């Protein structure tokens, strides 16, 4: 049961609220397509789709780097929970 709980917490951490009762996956943020009816997944697109420390010392990565098969974040968060 502990493993299932940890798995669900990890999955939940990859989603953000839309503000209309729905959620969107972090990979959908700033991808040019509104996943939320409120547009909260596309606010002021600035090439920072996910905040994380990178190998080059940057503090965020663009949407094209999320779920692309390459670990860009030091904690590998950008490749976790990706659908193949």
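All residue numbers here begin at 1 and follow the chain in the order shown.
The backbone N, Cα and C atoms fix where each Cβ goes, glycine too.
The number of other CB atoms found within 10 A of the CB of residue 82 (disulfide bond), across every protein chain shown, is 13. According to TrEMBL, the disulfide bond annotation covers 67-82.
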Intrachain C-beta neighbours of residue 67 (disulfide bond), sequence separation six or more, cut-off 8 angstroms: 27, 78, 79, 82, 83
